[in-house]
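> This structure is in structure tokens; I'll ask about it shortly.
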Amino acid sequence: MIKDLEIPKLLILLILLITAIILFLIYGIPTDANEFLIIYILKTRYQKLIALILVGICIGSSSLIFQTLTNNRLLTPSIIGLDSLYVLIQTGLMYLIGAQRVIKFSSFSSFLLSLLLMVGFAYLLFTILFRNKKQSLYFVLLAGLIFNTLFSSISSFIQAIMDPNDFMILQNQLFASFNAINTKILWISFIIIVVSFAINWPFIKELDVLLLGKENAISLGIPYQKLTTRIFLWLALMVAIATALVGPITFLGLLVAHITYHSFHTFRHQILVPIAIVICIFTLVLGQHLVQNLLHLTVQLSVLLNLIGGSYFIFTLIKGRKNL
């Protein structure tokens, strides 16, 4: 259970989240607006809020659990190459069928195609390379890193030879944006997330034992290979959904995971994962509110998140080096 000292922190976090959601929904609505305008504004913000919550669930949970699997607090799921694969998929579609057909392409079909290819790649990467029980998980991550570089190189080559007009449209699609979220795929994303959590949540407590290391976990009766395969594919699905919804985001998960670790001193993933999700949703909702109302959309939220997260990553590396 949560220690008594942690309960006030949790209450403060929940209050901050509720406050951020209320501000996001009602701030800036004209007081003299008619009923139809108010309903339209609230509907638009409500749909965007749902998308932010779904992305927060995916990124918050996947980043923290991935660090447990790898036993490394500097790694994020993007290392396995799903972000680069998403860019390659969109680039390939744009080059092969052209911008006009891509625009007419069903958003649901595009989402489903990206989802299937990214999860399928993760499945092949993990099952083929991890068939040998003596194989290290870091070998899989190294292979993912190599594929990440390969996908990026292929994407860059295709972008260099494609039509300039198609390239401009492609850049708009690839740039992670919370202002152009495709609301048509929200409900299918919601259903997939709920079902995946219902299937995998009973195994979440076994991750506590993985913190002791692979050998200790096996000696304590944890089916290490089966568990890591199941959780790895689950995380790949979460990352694929978040990427398909808003585009690649690199450092948000790292930032959220470290805030969770430093704020709540517990090893239980049944507590840490929900807290990481709440922190991630709060960060996204508050950040989007500030971008819309204070910065007036002059900068993208993803740019701010990558700037802050990247700076924190560099700070963590420097701090870790000094401690050696």
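Every residue, even glycine, has its Cβ placed from backbone N, Cα and C.
Feature annotation from TrEMBL assigns transmembrane segment to 12-29, 49-69, 75-98, 110-130, 136-158, 185-204, 231-259, 271-291, 297-318.
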> Do the transmembrane segment (185-204) and the transmembrane segment (49-69) share at least 3 Cβ pairs closer than 8 Å, excluding pairs fewer than 6 residues apart in sequence?
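Taking Cβ pairs at least 6 residues apart, the transmembrane segment (49-69) and the transmembrane segment (185-204) are in contact, with 3 or more under 8 Å.
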> For the transmembrane segment (49-69), I need the partner stretch with the highest count of C-beta pairs below 8 angstroms, choosing only from 12-29, 231-259, 271-291, 297-318.
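Comparing 12-29, 231-259, 271-291, 297-318: 231-259 has the most Cβ pairs near the transmembrane segment (49-69).
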> Top stretch among 12-29, 271-291, 297-318 for CB pairs under 8 A with the transmembrane segment (231-259)?
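Going through each listed stretch, the top one turns out to be 297-318.
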> Are there residues at least six beyond either end of the transmembrane segment (12-29) with Cβ under 8 Å to its Cβ atoms? List them, or say none.
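Distal contacts: 38, 41-42, 45-46, 49, 263, 275, 278-279, 281-282, 285-286, 288-289, 292-293.
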